[in-house]
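Engineer: Let me begin by handing over the structure; questions about it come next.
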């Protein structure tokens with residue numbers, strides 16, 4: 001019988017997570033919980049200093065505050081669900097909650113891609129056209145740029161999530177993942193998902209490919225400008241203003257390339273190990289990058305370090 005004729009309304013899903021590796025669950029619960037607390041503390045402090053310290057009321061730190069808030073939202077959309085799955089035998093999630101979690105994580109991920117591109121443009125103007133920086137990156141420009149990043153990410157998420165949740169699902173409602181990751185959910189579909197695939201490819205070109213290309217071109221001009229600075233001290237000072245952003249970009253996109261670019265094993269005996277490896281890579285991608293962002297900016301940025309010291313003294 002055709003599988004599509006056996007569909008039934010799905011009211012919820014079962015998230016496998018690490019169900020096949022119960023010994024690891026308690027260990028990873030402690031590890032992920034500690035990392036989540038570091039994310040909340042580190043990004044929360046960054047948001048606080050960018051608001052309270054008047055010296056940080058500039059476009060770069062406005063974008064940084066948005067990035068920190070985004071990282072908190074991104075991890076909060078999935079980490080509590082993951083932690084709960086480590087402790088409870090019941091791994092079920094209602095259909096509506098699955099859709100909401102998918103929407104939030106998708107929206108935050110797409111927004112971060114666009115926001116990193118906006119931050120690259122800010123650094124390009126600051127280094128390549130410093131005299132025009134106050135005009136080009138005025139408040140009337142950088143606030144809409146940040147708002148546009150959020151609007152683009154949310155719009156993309158609405159489209160992708162609504163398309164994914166409209167497809168019919170078969171009786172098998174087991175998601176082989178920690179969260180309602182869109183590709184894992186679509187594997188349960190009983191209908192043709194070619195429209196979903198095409199839509200995601202287009203979205204990846206817009207929200208991954210275009211920002212990466214824009215960031216790359218921006219840094220080509222930035223590096224060329226820095227190399228033309230005659231003094232060594234001047235070159236160091238110019239590079240220090242964009243080194244933190246460049247490091248965050250490399251970590252963010254490098255992890256994505258590692259996750260989706262590594263070859264799949266053809267050995268059936270190694271399928272379980274690779275499945276576990278893929279899950280853990282995805283899990284740590286969701287927490288490591290948001291945890292590293294405030295650490296990178298606090299260690300590599302003198303203004304942020306000074307603002308944090310002032311905050312502690314108060």
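Quick reminder: no glycine exception, Cβ is built from N, Cα and C everywhere.
The domain 'G-protein coupled receptors family 1 profile' feature in TrEMBL is assigned to 42-297. Feature annotation from TrEMBL assigns transmembrane segment to 28-49, 61-83, 103-121, 141-159, 205-227, 239-260, 280-299.
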Engineer: Could you pull out which residues elsewhere in the chain have a CB under 8 Å from any CB of the transmembrane segment (103-121), counting only those six or more residues past its ends?
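Structural biologist: Same-chain contacts beyond the ends: 60, 63-64, 66-67, 70-71, 73-74, 77-78, 142, 145-146, 148-150, 152-154, 156-158, 160-161, 179, 181-182, 203, 207-208, 210-211, 214-215, 218-219, 245, 248-249, 252, 286.
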Engineer: Counting only residues 6 or more past its boundaries, what in the same chain has a CB within less than 8 Å of a CB in the transmembrane segment (61-83)?
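Structural biologist: That would be 15, 17, 29, 32-33, 36, 39-40, 42-44, 46-47, 50-51, 93, 101, 104-105, 108-109, 111-112, 115-116, 118-119, 122, 142-143, 146, 149-150, 178-179, 248, 283, 286-287, 289-290, 293-294, 297, 303-304.
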